[in-house]
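Working notes, beginning with the structure itself.
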Amino acid sequence: DPEIEDEELRARDYMRILDRKTGELRNRDAFAEWEYASNLTQHNLHHKLAVQADVDNQTKELWQETIQFRYWQVYSDPFLKRQFKKYSILGVPALPQNKRTRYNQIISDMRRIYSTAKICDYQNSTKCDLSLEPELTNILANSRDPEELKHVWIEWRKAVGPNCFELFKDYVELSNQIARLNNFTDNTAYWLEEFEDPQFRNQIESIWEELRPLYLQIHAYVRYQLRKKYGDIVSEKGPIPAHLLGNMWSQSWENVKDFTLPHPNKEEDDLTEELQKQNYTVVKIFKTAEDFFKSINLSAMPESFWNLSILEKPEDREIICHASAWDFYDGKDFRIKQCTEITLHHFITAHHEMGHVEYFLQYKNQPVIFRRGGNSGFHEAVGDLISLSIGLTKIVFLPYGYLMDLWRWDVFSGKIGPDEYNCKWWELREKYQGIEPPVERTENDFDPAAKYHIVADVPYIRYFISFVIQFQFHRAVCEKAGQYDPDDPSKPLYNCDIYQNTEAGNVLKKMLELGSSRPWPDAMEVLTGQRTMDASALLEYFTPLKKWLEQENRKNNVHIGWEKSNKDC
(Lines of atoms letter the chains of each structure in order from A and count residues from 1; the text may use other names and numbers.)
(Lines give C-alpha, C1' and ligand atoms only; values in the text may rest on other atoms or scores of the structure.)
Protein backbone atom coordinates (compact mmCIF):
# COMPACT_ATOMS: atom_id res chain seq x y z
CA ASP A 1 0.00 0.00 0.00
CA PRO A 2 1.73 3.20 -1.21
CA GLU A 3 -0.03 5.28 1.45
CA ILE A 4 1.51 3.15 4.21
CA GLU A 5 4.94 3.12 2.55
CA ASP A 6 4.83 6.88 2.23
CA GLU A 7 3.90 7.28 5.91
CA GLU A 8 6.71 4.93 6.97
CA LEU A 9 9.26 7.07 5.12
CA ARG A 10 7.99 10.18 6.89
CA ALA A 11 7.87 8.29 10.16
CA ARG A 12 11.56 7.43 9.89
CA ASP A 13 12.53 11.12 9.64
CA TYR A 14 10.10 12.04 12.36
CA MET A 15 11.52 9.40 14.70
CA ARG A 16 15.02 10.89 14.35
CA ILE A 17 13.71 14.27 15.49
CA LEU A 18 11.58 12.76 18.26
CA ASP A 19 14.58 10.83 19.53
CA ARG A 20 16.67 14.00 19.80
CA LYS A 21 13.91 15.95 21.53
CA THR A 22 13.16 13.13 23.96
CA GLY A 23 16.84 12.90 24.86
CA GLU A 24 16.88 16.65 25.65
CA LEU A 25 13.73 16.37 27.79
CA ARG A 26 15.03 13.40 29.74
CA ASN A 27 18.31 15.17 30.29
CA ARG A 28 16.58 18.23 31.80
CA ASP A 29 14.41 16.00 33.94
CA ALA A 30 17.38 13.99 35.22
CA PHE A 31 19.30 17.16 36.12
CA ALA A 32 16.44 18.59 38.17
CA GLU A 33 15.88 15.23 39.84
CA TRP A 34 19.61 14.97 40.69
CA GLU A 35 19.75 18.49 42.12
CA TYR A 36 16.91 17.63 44.47
CA ALA A 37 18.01 14.11 45.43
CA SER A 38 21.46 15.40 46.30
CA ASN A 39 20.20 18.39 48.30
CA LEU A 40 16.71 18.05 49.77
CA THR A 41 15.66 21.70 50.01
CA GLN A 42 12.23 23.22 49.36
CA HIS A 43 13.79 25.37 46.65
CA ASN A 44 15.19 22.34 44.82
CA LEU A 45 11.89 20.52 45.20
CA HIS A 46 9.93 23.41 43.65
CA HIS A 47 12.43 23.61 40.84
CA LYS A 48 12.22 19.87 40.23
CA LEU A 49 8.41 19.88 40.18
CA ALA A 50 8.39 22.84 37.79
CA VAL A 51 10.82 21.14 35.41
CA GLN A 52 8.83 17.90 35.64
CA ALA A 53 5.61 19.75 34.79
CA ASP A 54 7.20 21.42 31.78
CA VAL A 55 8.81 18.18 30.55
CA ASP A 56 5.48 16.36 30.96
CA ASN A 57 3.66 19.02 28.94
CA GLN A 58 6.20 18.84 26.12
CA THR A 59 6.14 15.04 26.22
CA LYS A 60 2.38 15.14 25.81
CA GLU A 61 2.65 17.50 22.84
CA LEU A 62 5.17 15.19 21.19
CA TRP A 63 2.91 12.20 21.87
CA GLN A 64 0.03 13.99 20.16
CA GLU A 65 2.24 14.35 17.08
CA THR A 66 3.38 10.75 17.30
CA ILE A 67 -0.11 9.26 17.26
CA GLN A 68 -0.85 11.06 13.99
CA PHE A 69 1.14 8.21 12.40
CA ARG A 70 -1.77 5.86 12.04
CA TYR A 71 -0.21 2.82 10.37
CA TRP A 72 2.83 2.14 12.57
CA GLN A 73 1.56 -1.32 13.49
CA VAL A 74 2.06 -2.48 9.92
CA TYR A 75 5.40 -0.81 9.08
CA SER A 76 7.90 -3.10 7.40
CA ASP A 77 10.80 -2.07 9.68
CA PRO A 78 10.45 -3.89 13.04
CA PHE A 79 12.94 -1.53 14.73
CA LEU A 80 10.86 1.52 13.79
CA LYS A 81 7.65 -0.27 14.70
CA ARG A 82 8.98 -1.05 18.15
CA GLN A 83 9.93 2.61 18.72
CA PHE A 84 6.39 3.67 17.87
CA LYS A 85 4.98 0.96 20.12
CA LYS A 86 7.03 2.30 23.06
CA TYR A 87 6.20 5.93 22.29
CA SER A 88 2.47 5.20 21.92
CA ILE A 89 2.18 4.79 25.71
CA LEU A 90 2.18 8.31 27.11
CA GLY A 91 2.49 7.44 30.82
CA VAL A 92 2.22 10.03 33.61
CA PRO A 93 1.66 13.05 31.31
CA ALA A 94 -1.74 11.56 30.42
CA LEU A 95 -3.02 12.94 33.75
CA PRO A 96 -4.50 16.45 33.67
CA GLN A 97 -1.98 19.00 34.91
CA ASN A 98 -3.36 19.65 38.41
CA LYS A 99 -3.50 15.92 39.22
CA ARG A 100 -0.09 15.41 37.69
CA THR A 101 1.43 18.06 39.93
CA ARG A 102 -0.22 16.40 42.92
CA TYR A 103 1.08 12.97 41.84
CA ASN A 104 4.70 14.16 41.50
CA GLN A 105 4.43 16.07 44.76
CA ILE A 106 3.16 12.99 46.65
CA ILE A 107 6.05 10.80 45.51
CA SER A 108 8.58 13.53 46.34
CA ASP A 109 7.00 13.98 49.78
CA MET A 110 7.09 10.27 50.58
CA ARG A 111 10.71 10.03 49.45
CA ARG A 112 11.59 13.01 51.60
CA ILE A 113 9.83 11.63 54.69
CA TYR A 114 11.70 8.36 54.23
CA SER A 115 15.08 9.95 53.56
CA THR A 116 14.99 12.43 56.44
CA ALA A 117 13.35 10.26 59.13
CA LYS A 118 15.28 10.09 62.43
CA ILE A 119 14.74 8.12 65.61
CA CYS A 120 16.01 8.29 69.19
CA ASP A 121 18.82 6.17 70.57
CA TYR A 122 17.86 3.12 72.65
CA GLN A 123 20.37 3.88 75.44
CA ASN A 124 19.97 7.64 75.41
CA SER A 125 16.46 8.89 74.64
CA THR A 126 17.60 12.52 74.29
CA LYS A 127 19.83 11.66 71.35
CA CYS A 128 17.35 11.75 68.46
CA ASP A 129 19.42 12.07 65.30
CA LEU A 130 19.78 8.45 64.17
CA SER A 131 19.28 8.01 60.40
CA LEU A 132 18.64 4.79 58.53
CA GLU A 133 22.03 5.17 56.85
CA PRO A 134 24.41 4.61 58.52
CA GLU A 135 23.22 4.43 62.16
CA LEU A 136 20.16 2.15 62.12
CA THR A 137 21.61 -0.15 59.50
CA ASN A 138 24.74 -0.57 61.63
CA ILE A 139 22.79 -1.24 64.84
CA LEU A 140 20.70 -3.92 63.16
CA ALA A 141 23.82 -5.48 61.70
CA ASN A 142 25.91 -5.47 64.87
CA SER A 143 23.78 -5.28 68.01
CA ARG A 144 22.88 -8.60 69.62
CA ASP A 145 20.58 -7.10 72.24
CA PRO A 146 17.04 -8.12 71.24
CA GLU A 147 15.52 -5.16 73.11
CA GLU A 148 17.66 -2.64 71.25
CA LEU A 149 16.89 -4.36 67.93
CA LYS A 150 13.18 -4.27 68.71
CA HIS A 151 13.41 -0.56 69.59
CA VAL A 152 15.07 0.30 66.26
CA TRP A 153 12.64 -1.88 64.29
CA ILE A 154 9.55 -0.31 65.87
CA GLU A 155 10.72 3.31 65.96
CA TRP A 156 11.78 3.35 62.31
CA ARG A 157 8.33 2.12 61.30
CA LYS A 158 6.72 4.76 63.53
CA ALA A 159 8.81 7.52 61.96
CA VAL A 160 7.89 6.65 58.38
CA GLY A 161 4.67 4.59 58.17
CA PRO A 162 1.84 6.75 59.56
CA ASN A 163 3.29 9.87 57.88
CA CYS A 164 3.01 8.18 54.49
CA PHE A 165 -0.36 6.45 54.82
CA GLU A 166 -2.68 9.16 53.44
CA LEU A 167 -0.16 10.11 50.77
CA PHE A 168 0.13 6.49 49.69
CA LYS A 169 -3.64 6.09 49.42
CA ASP A 170 -3.81 9.07 47.04
CA TYR A 171 -0.77 7.78 45.16
CA VAL A 172 -2.57 4.46 44.51
CA GLU A 173 -5.66 6.26 43.24
CA LEU A 174 -3.64 8.53 40.90
CA SER A 175 -1.44 5.66 39.67
CA ASN A 176 -4.57 3.78 38.62
CA GLN A 177 -5.92 6.86 36.88
CA ILE A 178 -2.66 7.13 34.91
CA ALA A 179 -2.90 3.45 33.97
CA ARG A 180 -6.50 3.75 32.81
CA LEU A 181 -5.73 6.86 30.74
CA ASN A 182 -3.08 4.73 29.00
CA ASN A 183 -5.62 1.95 28.29
CA PHE A 184 -4.58 -0.43 31.06
CA THR A 185 -7.15 -1.84 33.48
CA ASP A 186 -5.09 -0.69 36.48
CA ASN A 187 -1.52 0.14 37.51
CA THR A 188 -0.69 -3.55 37.95
CA ALA A 189 -1.33 -4.18 34.26
CA TYR A 190 0.69 -1.05 33.42
CA TRP A 191 3.65 -2.22 35.53
CA LEU A 192 3.61 -5.67 33.98
CA GLU A 193 3.48 -4.35 30.42
CA GLU A 194 7.28 -4.21 30.07
CA PHE A 195 7.48 -8.00 30.34
CA GLU A 196 5.43 -8.38 27.15
CA ASP A 197 3.96 -11.68 28.34
CA PRO A 198 0.38 -12.29 29.54
CA GLN A 199 1.57 -15.39 31.43
CA PHE A 200 4.21 -13.46 33.37
CA ARG A 201 2.64 -13.70 36.84
CA ASN A 202 2.11 -17.45 36.52
CA GLN A 203 5.74 -17.88 35.46
CA ILE A 204 6.97 -16.02 38.51
CA GLU A 205 4.74 -18.06 40.81
CA SER A 206 6.03 -21.34 39.40
CA ILE A 207 9.66 -20.21 39.68
CA TRP A 208 9.00 -19.40 43.34
CA GLU A 209 7.49 -22.86 43.85
CA GLU A 210 10.73 -24.38 42.50
CA LEU A 211 12.86 -22.31 44.86
CA ARG A 212 10.72 -22.65 47.97
CA PRO A 213 12.12 -26.02 49.20
CA LEU A 214 15.64 -24.55 49.31
CA TYR A 215 14.36 -21.48 51.19
CA LEU A 216 12.56 -23.68 53.73
CA GLN A 217 15.82 -25.47 54.52
CA ILE A 218 17.72 -22.21 55.11
CA HIS A 219 14.84 -20.79 57.15
CA ALA A 220 14.68 -23.87 59.39
CA TYR A 221 18.46 -23.91 59.88
CA VAL A 222 18.69 -20.21 60.74
CA ARG A 223 15.69 -20.35 63.08
CA TYR A 224 17.39 -23.24 64.95
CA GLN A 225 20.61 -21.21 65.31
CA LEU A 226 18.73 -18.05 66.40
CA ARG A 227 16.91 -20.08 69.02
CA LYS A 228 20.23 -21.31 70.39
CA LYS A 229 21.35 -17.70 70.65
CA TYR A 230 18.20 -15.86 71.78
CA GLY A 231 16.21 -18.61 73.51
CA ASP A 232 12.45 -18.57 73.66
CA ILE A 233 11.82 -15.28 71.86
CA VAL A 234 12.40 -17.46 68.80
CA SER A 235 9.81 -20.23 68.72
CA GLU A 236 10.70 -23.76 67.71
CA LYS A 237 8.16 -24.08 64.91
CA GLY A 238 6.79 -20.58 64.29
CA PRO A 239 7.88 -17.72 62.05
CA ILE A 240 11.17 -15.93 62.85
CA PRO A 241 10.86 -12.53 64.63
CA ALA A 242 11.74 -9.95 61.98
CA HIS A 243 14.05 -7.82 64.14
CA LEU A 244 16.60 -10.60 64.77
CA LEU A 245 17.82 -11.12 61.20
CA GLY A 246 20.33 -8.28 60.93
CA ASN A 247 18.41 -6.19 58.43
CA MET A 248 15.62 -3.60 58.63
CA TRP A 249 13.39 -5.61 56.28
CA SER A 250 14.72 -9.15 56.99
CA GLN A 251 15.48 -9.28 53.27
CA SER A 252 19.09 -10.34 53.62
CA TRP A 253 20.54 -12.22 56.55
CA GLU A 254 24.26 -11.89 55.97
CA ASN A 255 24.69 -9.88 59.15
CA VAL A 256 23.80 -12.83 61.35
CA LYS A 257 26.25 -15.13 59.62
CA ASP A 258 28.75 -14.94 62.50
CA PHE A 259 26.55 -17.24 64.58
CA THR A 260 24.44 -18.99 61.95
CA LEU A 261 26.98 -20.08 59.36
CA PRO A 262 28.08 -23.70 59.17
CA HIS A 263 31.68 -23.32 60.34
CA PRO A 264 31.78 -21.14 63.44
CA ASN A 265 35.28 -22.42 64.25
CA LYS A 266 36.65 -21.55 60.81
CA GLU A 267 37.73 -17.90 60.90
CA GLU A 268 35.15 -16.26 58.60
CA ASP A 269 37.24 -14.05 56.35
CA ASP A 270 35.50 -10.93 57.43
CA LEU A 271 35.80 -8.76 54.38
CA THR A 272 34.64 -5.62 56.15
CA GLU A 273 37.59 -5.89 58.52
CA GLU A 274 39.88 -6.70 55.62
CA LEU A 275 38.77 -3.62 53.65
CA GLN A 276 39.39 -1.41 56.67
CA LYS A 277 42.74 -3.04 57.42
CA GLN A 278 43.89 -2.43 53.85
CA ASN A 279 42.92 1.24 54.21
CA TYR A 280 40.29 1.15 51.52
CA THR A 281 38.81 4.56 50.76
CA VAL A 282 35.43 5.13 49.15
CA VAL A 283 37.09 5.94 45.83
CA LYS A 284 39.22 2.82 46.05
CA ILE A 285 36.08 0.70 46.46
CA PHE A 286 34.69 2.13 43.22
CA LYS A 287 38.06 1.84 41.45
CA THR A 288 38.11 -1.84 42.42
CA ALA A 289 34.66 -2.31 40.90
CA GLU A 290 35.78 -0.50 37.75
CA ASP A 291 38.84 -2.73 37.58
CA PHE A 292 36.62 -5.82 37.55
CA PHE A 293 34.53 -4.54 34.64
CA LYS A 294 37.62 -3.40 32.71
CA SER A 295 39.20 -6.84 33.23
CA ILE A 296 36.37 -8.48 31.27
CA ASN A 297 36.61 -5.93 28.47
CA LEU A 298 33.71 -3.71 29.50
CA SER A 299 34.13 0.08 29.77
CA ALA A 300 36.07 2.32 32.12
CA MET A 301 34.02 5.04 33.82
CA PRO A 302 34.25 8.37 31.95
CA GLU A 303 36.25 11.16 33.60
CA SER A 304 33.06 13.09 34.41
CA PHE A 305 31.78 10.11 36.45
CA TRP A 306 34.56 10.65 39.00
CA ASN A 307 34.01 14.40 39.12
CA LEU A 308 30.24 14.49 39.36
CA SER A 309 29.17 11.40 41.32
CA ILE A 310 28.40 11.66 45.04
CA LEU A 311 30.06 8.68 46.66
CA GLU A 312 29.91 9.72 50.33
CA LYS A 313 27.23 11.12 52.60
CA PRO A 314 27.73 14.90 52.76
CA GLU A 315 27.95 16.47 56.22
CA ASP A 316 26.31 19.75 55.35
CA ARG A 317 22.91 18.76 53.87
CA GLU A 318 20.20 16.14 53.65
CA ILE A 319 20.29 13.85 50.61
CA ILE A 320 18.50 10.69 49.48
CA CYS A 321 20.99 8.09 50.66
CA HIS A 322 19.35 5.16 48.89
CA ALA A 323 22.08 4.15 46.40
CA SER A 324 21.30 4.80 42.74
CA ALA A 325 22.90 4.98 39.29
CA TRP A 326 22.00 7.78 36.90
CA ASP A 327 21.86 8.06 33.11
CA PHE A 328 21.56 11.66 31.92
CA TYR A 329 20.60 10.63 28.38
CA ASP A 330 23.23 12.69 26.60
CA GLY A 331 25.55 9.73 26.00
CA LYS A 332 28.27 11.32 28.16
CA ASP A 333 27.09 11.97 31.70
CA PHE A 334 26.64 8.97 34.03
CA ARG A 335 26.79 9.09 37.84
CA ILE A 336 26.31 7.17 41.06
CA LYS A 337 24.89 8.60 44.29
CA GLN A 338 25.72 6.48 47.32
CA CYS A 339 26.42 7.15 51.02
CA THR A 340 29.28 4.68 50.95
CA GLU A 341 30.75 3.23 54.14
CA ILE A 342 33.80 0.96 54.17
CA THR A 343 31.86 -2.29 54.61
CA LEU A 344 31.35 -5.48 52.62
CA HIS A 345 27.72 -4.52 52.03
CA HIS A 346 28.75 -1.22 50.42
CA PHE A 347 31.53 -2.93 48.48
CA ILE A 348 28.91 -5.21 46.90
CA THR A 349 26.49 -2.30 46.37
CA ALA A 350 29.23 -0.35 44.57
CA HIS A 351 29.63 -3.24 42.11
CA HIS A 352 25.86 -3.46 41.71
CA GLU A 353 25.48 0.27 40.99
CA MET A 354 28.44 0.30 38.63
CA GLY A 355 26.79 -2.62 36.83
CA HIS A 356 23.96 -0.21 36.00
CA VAL A 357 26.44 2.32 34.64
CA GLU A 358 28.12 -0.39 32.51
CA TYR A 359 24.71 -1.13 31.00
CA PHE A 360 24.16 2.62 30.33
CA LEU A 361 27.56 2.80 28.62
CA GLN A 362 26.93 -0.24 26.41
CA TYR A 363 23.55 0.91 25.08
CA LYS A 364 24.25 4.65 24.86
CA ASN A 365 24.15 4.52 21.05
CA GLN A 366 20.61 3.12 20.94
CA PRO A 367 17.68 5.47 20.34
CA VAL A 368 16.71 7.08 23.66
CA ILE A 369 13.50 5.05 23.97
CA PHE A 370 15.57 1.82 23.95
CA ARG A 371 18.05 2.98 26.59
CA ARG A 372 16.72 0.58 29.20
CA GLY A 373 17.40 -2.99 30.22
CA GLY A 374 15.98 -5.94 28.25
CA ASN A 375 13.58 -5.77 31.15
CA SER A 376 14.08 -4.09 34.52
CA GLY A 377 15.37 -7.38 35.98
CA PHE A 378 18.24 -7.42 33.48
CA HIS A 379 19.42 -4.05 34.75
CA GLU A 380 19.61 -5.29 38.34
CA ALA A 381 21.43 -8.49 37.37
CA VAL A 382 24.54 -7.07 35.69
CA GLY A 383 26.45 -5.80 38.70
CA ASP A 384 25.39 -8.80 40.75
CA LEU A 385 27.22 -11.26 38.51
CA ILE A 386 30.16 -10.38 40.72
CA SER A 387 28.65 -11.11 44.11
CA LEU A 388 27.06 -14.47 43.49
CA SER A 389 28.79 -16.31 46.26
CA ILE A 390 26.57 -15.10 49.05
CA GLY A 391 23.81 -17.60 49.84
CA LEU A 392 22.45 -15.86 52.91
CA THR A 393 21.91 -12.80 50.76
CA LYS A 394 20.62 -14.43 47.61
CA ILE A 395 18.25 -17.22 48.65
CA VAL A 396 16.65 -15.54 51.63
CA PHE A 397 15.95 -12.48 49.51
CA LEU A 398 13.73 -14.34 47.04
CA PRO A 399 10.43 -14.50 48.96
CA TYR A 400 10.82 -10.84 49.93
CA GLY A 401 11.59 -9.86 46.34
CA TYR A 402 8.37 -11.59 45.33
CA LEU A 403 5.92 -10.49 48.02
CA MET A 404 6.68 -6.73 47.75
CA ASP A 405 4.86 -6.56 44.42
CA LEU A 406 2.38 -9.33 45.18
CA TRP A 407 1.12 -6.88 47.81
CA ARG A 408 1.20 -3.88 45.46
CA TRP A 409 -0.42 -5.76 42.56
CA ASP A 410 -3.35 -6.54 44.87
CA VAL A 411 -3.40 -2.97 46.19
CA PHE A 412 -3.56 -1.45 42.69
CA SER A 413 -6.20 -3.93 41.53
CA GLY A 414 -8.35 -3.09 44.55
CA LYS A 415 -8.18 -6.57 46.04
CA ILE A 416 -6.51 -5.08 49.13
CA GLY A 417 -8.25 -1.92 50.38
CA PRO A 418 -6.65 0.82 52.54
CA ASP A 419 -8.37 -0.54 55.64
CA GLU A 420 -6.37 -3.76 55.37
CA TYR A 421 -3.05 -2.57 53.88
CA ASN A 422 -1.03 -3.54 56.93
CA CYS A 423 -2.57 -6.85 57.91
CA LYS A 424 -2.47 -8.16 54.35
CA TRP A 425 1.18 -7.12 54.23
CA TRP A 426 1.94 -9.24 57.30
CA GLU A 427 -0.08 -12.12 55.90
CA LEU A 428 2.25 -12.17 52.90
CA ARG A 429 5.37 -11.70 55.04
CA GLU A 430 4.35 -14.73 57.06
CA LYS A 431 3.20 -16.85 54.13
CA TYR A 432 6.28 -16.34 51.94
CA GLN A 433 9.13 -15.35 54.28
CA GLY A 434 8.05 -17.14 57.44
CA ILE A 435 8.70 -14.08 59.61
CA GLU A 436 6.56 -12.20 62.13
CA PRO A 437 6.70 -8.73 63.70
CA PRO A 438 8.34 -8.46 67.16
CA VAL A 439 5.15 -6.88 68.53
CA GLU A 440 1.50 -6.92 67.45
CA ARG A 441 0.65 -4.65 64.53
CA THR A 442 -2.62 -2.91 63.65
CA GLU A 443 -4.04 -0.91 60.78
CA ASN A 444 -2.72 2.21 62.55
CA ASP A 445 0.72 1.06 61.46
CA PHE A 446 1.72 1.24 57.82
CA ASP A 447 4.75 -1.03 57.66
CA PRO A 448 5.14 -1.37 53.88
CA ALA A 449 6.21 2.30 53.85
CA ALA A 450 9.30 1.40 55.89
CA LYS A 451 10.82 0.26 52.57
CA TYR A 452 12.16 2.83 50.10
CA HIS A 453 10.80 1.27 46.90
CA ILE A 454 7.21 1.32 48.20
CA VAL A 455 7.21 5.05 48.94
CA ALA A 456 9.43 5.91 45.98
CA ASP A 457 7.19 4.31 43.33
CA VAL A 458 9.82 1.75 42.25
CA PRO A 459 8.49 -1.64 41.16
CA TYR A 460 10.26 -4.51 42.92
CA ILE A 461 9.63 -7.72 41.00
CA ARG A 462 12.73 -6.75 38.98
CA TYR A 463 14.90 -7.83 41.92
CA PHE A 464 13.28 -11.25 42.11
CA ILE A 465 13.78 -11.72 38.36
CA SER A 466 17.32 -10.42 38.65
CA PHE A 467 18.24 -12.92 41.37
CA VAL A 468 17.01 -15.77 39.19
CA ILE A 469 18.37 -14.72 35.80
CA GLN A 470 21.77 -13.59 37.10
CA PHE A 471 22.49 -17.30 37.67
CA GLN A 472 21.42 -18.04 34.10
CA PHE A 473 23.76 -15.25 32.94
CA HIS A 474 26.49 -16.57 35.23
CA ARG A 475 26.14 -20.11 33.85
CA ALA A 476 26.32 -18.77 30.29
CA VAL A 477 29.40 -16.56 30.80
CA CYS A 478 31.15 -19.32 32.78
CA GLU A 479 30.61 -21.77 29.93
CA LYS A 480 31.98 -19.20 27.49
CA ALA A 481 34.95 -18.70 29.78
CA GLY A 482 35.62 -22.44 29.80
CA GLN A 483 35.27 -22.45 33.59
CA TYR A 484 32.08 -24.46 33.81
CA ASP A 485 31.11 -27.71 32.16
CA PRO A 486 27.83 -29.42 33.11
CA ASP A 487 29.39 -32.80 32.32
CA ASP A 488 32.64 -32.28 34.20
CA PRO A 489 32.37 -32.52 38.02
CA SER A 490 35.74 -30.79 38.38
CA LYS A 491 34.26 -27.62 36.86
CA PRO A 492 31.17 -26.89 38.98
CA LEU A 493 29.22 -23.67 38.58
CA TYR A 494 29.95 -22.38 42.10
CA ASN A 495 33.71 -22.38 41.47
CA CYS A 496 33.66 -20.16 38.41
CA ASP A 497 35.27 -16.71 38.51
CA ILE A 498 35.15 -14.57 35.36
CA TYR A 499 37.66 -11.92 36.50
CA GLN A 500 39.98 -11.04 33.57
CA ASN A 501 38.03 -13.21 31.18
CA THR A 502 37.42 -11.15 28.03
CA GLU A 503 35.48 -13.93 26.23
CA ALA A 504 32.92 -13.77 29.02
CA GLY A 505 32.81 -9.97 28.87
CA ASN A 506 32.39 -9.86 25.10
CA VAL A 507 29.33 -12.09 25.06
CA LEU A 508 27.82 -10.12 27.96
CA LYS A 509 28.46 -6.91 26.03
CA LYS A 510 26.48 -8.19 23.04
CA MET A 511 23.42 -8.53 25.23
CA LEU A 512 23.90 -5.19 27.02
CA GLU A 513 24.27 -3.26 23.76
CA LEU A 514 20.72 -4.23 22.75
CA GLY A 515 19.10 -2.23 25.55
CA SER A 516 15.36 -2.75 25.13
CA SER A 517 15.48 -2.60 21.32
CA ARG A 518 14.22 -6.18 21.19
CA PRO A 519 11.83 -8.12 23.44
CA TRP A 520 13.78 -9.44 26.44
CA PRO A 521 13.71 -13.12 25.38
CA ASP A 522 15.77 -12.09 22.32
CA ALA A 523 18.34 -10.36 24.53
CA MET A 524 18.48 -13.30 26.90
CA GLU A 525 18.98 -15.67 23.97
CA VAL A 526 22.00 -13.69 22.75
CA LEU A 527 23.76 -14.45 26.02
CA THR A 528 22.32 -17.75 27.26
CA GLY A 529 20.74 -19.49 24.27
CA GLN A 530 17.52 -19.64 26.36
CA ARG A 531 14.36 -17.58 25.87
CA THR A 532 12.73 -18.04 29.28
CA MET A 533 13.52 -17.35 32.90
CA ASP A 534 14.52 -20.54 34.57
CA ALA A 535 15.54 -21.45 38.11
CA SER A 536 17.74 -24.42 37.20
CA ALA A 537 21.01 -22.47 37.21
CA LEU A 538 20.32 -21.03 40.67
CA LEU A 539 19.34 -24.45 42.03
CA GLU A 540 22.42 -26.07 40.49
CA TYR A 541 24.67 -23.40 41.99
CA PHE A 542 23.33 -24.06 45.48
CA THR A 543 23.10 -27.87 45.27
CA PRO A 544 25.98 -28.39 47.73
CA LEU A 545 24.38 -25.95 50.18
CA LYS A 546 21.00 -27.64 49.92
CA LYS A 547 22.46 -31.11 50.56
CA TRP A 548 24.39 -29.84 53.55
CA LEU A 549 21.34 -28.07 55.02
CA GLU A 550 19.10 -31.09 54.63
CA GLN A 551 21.65 -33.22 56.41
CA GLU A 552 22.13 -30.72 59.28
CA ASN A 553 18.39 -30.18 59.70
CA ARG A 554 17.83 -33.93 59.91
CA LYS A 555 20.70 -34.35 62.36
CA ASN A 556 19.32 -31.57 64.61
CA ASN A 557 15.79 -32.86 64.17
CA VAL A 558 14.61 -29.40 63.11
CA HIS A 559 11.04 -28.54 62.12
CA ILE A 560 10.82 -27.48 58.44
CA GLY A 561 8.31 -24.73 57.60
CA TRP A 562 6.35 -22.73 60.18
CA GLU A 563 3.10 -22.74 62.09
CA LYS A 564 0.84 -19.69 62.20
CA SER A 565 2.18 -16.66 64.07
CA ASN A 566 0.53 -15.80 67.36
CA LYS A 567 1.18 -12.10 66.71
CA ASP A 568 -2.15 -10.70 65.65
CA CYS A 569 -2.65 -7.92 63.22
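Even glycines carry a Cβ here, placed using N, Cα and C.
What TrEMBL says about a protein is an automatic prediction, not a curated fact.
Keep in mind that what you see is a predicted model, and the values were worked out from it rather than measured.
These come from TrEMBL:
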- Glu353: active site, proton acceptor 2 (ACT_SITE)
- Glu353: active site, proton acceptor 1 (ACT_SITE)
- His453: active site, proton donor 2 (ACT_SITE)
- His453: active site, proton donor 1 (ACT_SITE)
- His352, His356, Glu380: Zn(2+) 2 binding site (BINDING)
- His352, His356, Glu380: Zn(2+) 1 binding site (BINDING)
- Arg462: chloride binding site (BINDING)
- Cys120-Cys128: disulfide bond (DISULFID)
- Cys321-Cys339: disulfide bond (DISULFID)
- Cys478-Cys496: disulfide bond (DISULFID)
- Asn39: N-linked glycosylation site (CARBOHYD)
- Asn57: N-linked glycosylation site (CARBOHYD)
- Asn124: N-linked glycosylation site (CARBOHYD)
- Asn307: N-linked glycosylation site (CARBOHYD)
Minimum Cα separation from Asn57 (N-linked glycosylation site), reported as the residue among recorded positions His352, Glu380, His453 that achieves it: His453
Cα-Cα distance linking Glu380 (Zn(2+) 2 binding site) and Arg462 (chloride binding site), given in Å to the nearest integer: 7
C-beta crowding around Cys120 (disulfide bond), within 10 angstroms: 15
Extra residues within 8 Å (Cβ to Cβ centroid of His352, His356, Glu380), Zn(2+) 1: Ala325, Glu353, Gly355, His379, Ala381, Val382, Gly383, Asp384, Ser466
CB contacts for Asn57 (N-linked glycosylation site) [other CB atoms within 10 A, all chains]: 13
C-beta crowding around Asn39 (N-linked glycosylation site), within 10 angstroms: 17
Cβ-Cβ neighbours of Cys128 (disulfide bond) (radius 10 Å): 11
Cα-nearest neighbour of Asn307 (N-linked glycosylation site) within the listed recorded positions, Asn39, Cys120, Glu380, Cys478: Asn39
Residue with minimal Cβ packing [other Cβ atoms within 10 Å] among the recorded positions His453, Arg462: His453
For His356 (Zn(2+) 2 binding site), the number of other Cβ atoms found within 10 Å of its own Cβ: 21
Greatest C-beta neighbour count within 10 angstroms, which of the disulfide-bonded residues Cys478, Cys496: Cys478
Shortest C-alpha distance to Asn124 (N-linked glycosylation site) - which of the recorded positions His352, His356, His453: His453
